[in-house]
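These features come from TrEMBL:
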- 12-33: transmembrane segment (TRANSMEM)
- 53-79: transmembrane segment (TRANSMEM)
- 91-120: transmembrane segment (TRANSMEM)
- 126-147: transmembrane segment (TRANSMEM)
- 159-187: transmembrane segment (TRANSMEM)
- 193-211: transmembrane segment (TRANSMEM)
- 223-248: transmembrane segment (TRANSMEM)
- 302-323: transmembrane segment (TRANSMEM)
- 335-354: transmembrane segment (TRANSMEM)
- 374-393: transmembrane segment (TRANSMEM)
- 400-419: transmembrane segment (TRANSMEM)
- 566-587: transmembrane segment (TRANSMEM)
Amino acid sequence: MIRATLSQKLGVWTASALILAAFFILYGSYFPAKNGTVGDDYQQQLPNLLTSYYWFLENGFFSVPWFAPAQCGGVPFFADPGHGFFALPTYLVLFFNPVLSIKITFILFALLGYAGFYFLLRNAFWVSRPLAVAGAALFALNGFYAYRMIVGHPFHAFMLVPFIALLAISRRPAFLLKIVIVGFLFAYMFHSAMIHIIPPAFLALIVIILIHQTRHGFNVRSWAHIGLGAIVGAGLSLSKISASLSLLRNFPRDFYTLPGFPRIFDSARIAFESVFLRVPTDTANNLLANAPFYLQQHEFEFGITPVPFVLMTAGIIFFIATRIKKQEMPPMKKIVSAFAISLLLAIPILLNWYSPTWNSFLKKLPWIGQSSSLIRWFSAYIPVFVLLGILAAESLSKKHAVQIAIAALSVVFAIGYHTSADRAYYDSQHYNPETIQTAYRKAKQTRVIPDIKAVGVYTKQNGEIAMPIGRNDVFTQGGSQLACYNALFGYRLEKFPRKDLIPGPVLSIRNGHFNIKNPACYVFPAENNCAPGDHFREEEREKAEAFVHYKPFEFQKSSLQKSADAINIFFLLFCLGVVVREIKRLFPQSYALRKQR
């Protein structure tokens with residue numbers, strides 16, 4: 001029996017190593033790609049990472065950059081919901097260059113997603129090892145994670161969903177510690193700038209818990225774990241949440257129309273094809289109504305391959321045949337639960353259905369109304385349908401040999417399916433990170449950073465402002481890009497309050513103020529006696545000089561922000577206290593010896 005167990009574990013490790021190697025072969029070559037480029041949206045992410053590194057060099061590891069002078073003549077940094085400061089890549093740049101930091105993050109979170117889904121299937125749903133490996137592979141290889149990271153979207157925390165589900169369902173660890181861990185994972189999602197994916201991720205978690213309770217019976221613990229964990233996560237993120245809301249009140253993202261499919265059938269069709277098959281981008285865009293712009297290929301990438309659908313179909317047929325043979329109806333509780341799950345799974349389809357009345361209602365909703373597309377909600381289907389596919393496979397046969405065969409065929413087909421994908425779109429991304437890489441190496445070697453000396457801009461031959469990819473990189477030469485790439489102000493800078501910001505020295509005085517923004521005015525305008533987009537006044541020279549040297553400067557916070565900061569600190573201390581208490585409980589002898597010394 002011991003030999004069999006060891007053999008099975010060795011098989012899991014071997015299969016997992018091969019699967020993760022396949023993942024690396026498929027996607028690892030995009031950081032950078034063969035032509036030396038990375039995803040276009042890294043033109044914002046990589047400069048932000050280098051800005052964080054500059055800040056650390058000037059102010060130390062524990063200083064938080066509320067603002068940064070590197071782009072747009074000065075912008076909010078910590079408060080920007082699209083930038084994740086308290087995230088792994090920020091701290092990896094202390095040791096590795098920005099591109100390598102992203103690559104390490106990409107591989108590490110793929111590994112976490114794989115491990116999380118494997119243990120979710122094994123420890124929460126009691127699935128056999130072979131099928132758990134297959135499920136973990138299907139989840140880790142999903143197109144949403146891979147391609148979003150390739151184009152430059154900071155969505156790596158999506159791969160934490162299986163671990164949160166596992167913690168919510170399982171009995172271990174201790175109650176308080178579990179809530180703290182779940183809270184930390186939720187907080188990481190927000191702090192890593194995954195703001196738009198948190199709602200669909202939470203929807204997926206609710207459905208996974210319902211699936212578990214349909215199979216294993218209702219218990220309130222799972223809901224307490226997820227609910228209280230979300231509260232702790234909000235508490236650990238409250239400082240950034242409050243600052244981000246203050247910023248978004250001044251710069252709401254509700255000016256884009258919200259696209260959708262006029263026929264609900266088309267919404268369901270695109271959801272099905274994007275999750276299980278491949279969606280021709282032109283076809284999907286032609287079906288959309290009210291779209292503010294063309295949605296690129298990565299917007300429709302959620303692929304988990306046809307494997308889960310085939311397994312679910314086979315499982316449903318087998319279930320119906322078995323029930324007919326036994327002349328049994330499922331228990332009413334399971335029917336009600338299945339109906340509730342179906343309603344929840346309809347939410348992403350309904351959100352992407354377009355009618356003028358429905359669309360007007362959605363635009364008035366918080367969070368949803370700030371979006372330019374709700375296609376991302378299809379990401380909720382990824383962990384749910386992989387889970388249902390594996391559970392269906394398990395129901396087909398209890399024979400170990402059959403399950404090994406199903407698992408092996410599923411993994412081989414999935415890898416082959418992903419390998420056959422047309423990735424020309426991703427091969428032809430345009431942003432060259434070499435300017436950022438070179439500036440990073442120089443700063444790491446000399447410990448000297450380039451202060452912001454001027455506002456810069458690219459122009460065409462006719463004098464019009466040009467907006468080439470990589471324009472933010474001028475901060476490496478001491479320039480703050482006037483026509484910056486920052487989604488906060490709109491993809492085309494529709495809401496950027498330029499006022500009288502002009503190309504030229506930042507400390508030149510014009511109309512009683514410097515040629516550099518006071519970024520505190522974006523977040524706390526009333527408290528700092530200014531309006532969003534205002535510049536440092538002539539009498540604020542000391543603040544302006546500190547700002548352009550990547551130094552903190554004095555500014556006033558709102559009373560709400562001060563309260564949020566205090567509550568955030570309380571939650572942090574509470575969580576640390578719980579962790580310390582658990583360590584003492586696990587290692588009482590070690591703690592007692594230290595106390596005696």
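Glycine is no exception: its Cβ is also placed from the backbone N, Cα and C atoms.
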**Report entry** Segment proximity, the transmembrane segment (566-587) to the transmembrane segment (12-33), 3 or more C-beta pairs under 8 Å
**Finding:** no
Query raised in the report: Which stretch, 53-79, 91-120, 126-147, 223-248, 302-323, tops the Cβ pairs under 8 Å count with the transmembrane segment (400-419)?
Result: 126-147
Query - Beyond the flanks of the transmembrane segment (302-323) by 6 or more, those residues with Cβ under 8 Å of it - result: 138-139, 141-144, 274-278, 329-330, 378-379, 381-382, 385-386, 388-393, 395-396, 406, 410, 413-414, 417-418, 421
**Report entry** Distant-in-sequence neighbours of the transmembrane segment (374-393), which means Cβ under 8 A and at least six residues beyond its ends
**Finding:** 117, 120-121, 125, 127, 131-132, 134-135, 138-139, 142, 144, 158, 161-162, 165, 196-197, 199-201, 203-204, 207-208, 211, 215, 258, 260, 270-271, 274-276, 295, 299-300, 302, 304, 307-312, 314-316, 345, 347-348, 351-352, 362, 368, 403, 406-407, 410
Report task. Determine whether the transmembrane segment (566-587) and the transmembrane segment (53-79) share at least three Cβ pairs under 8 Å, counting only pairs 6 or more apart in sequence. Result -> no
Report summary line: Spatial neighbours of the transmembrane segment (126-147) not adjacent in sequence (6+ beyond its ends, CB under 8 Å) are 8-9, 11-12, 15-16, 19-20, 22-23, 26-27, 109-111, 113-115, 117-118, 155-156, 158-159, 162, 297-298, 301-305, 307-308, 379, 382-383, 386-387, 389-391, 393-394, 400, 403-404, 406-408, 410-411, 414-415, 418, 421, 426
Query raised in the report: Same-chain Cβ contacts of the transmembrane segment (223-248) under 8 Å, 6 or more residues past its ends?
Result: 66, 76, 78-81, 86, 164, 167-169, 175, 178-187, 189-191, 195, 202, 205-206, 209, 370, 488, 522-524, 558, 560-561, 564-565, 567-568, 570-572, 574-575
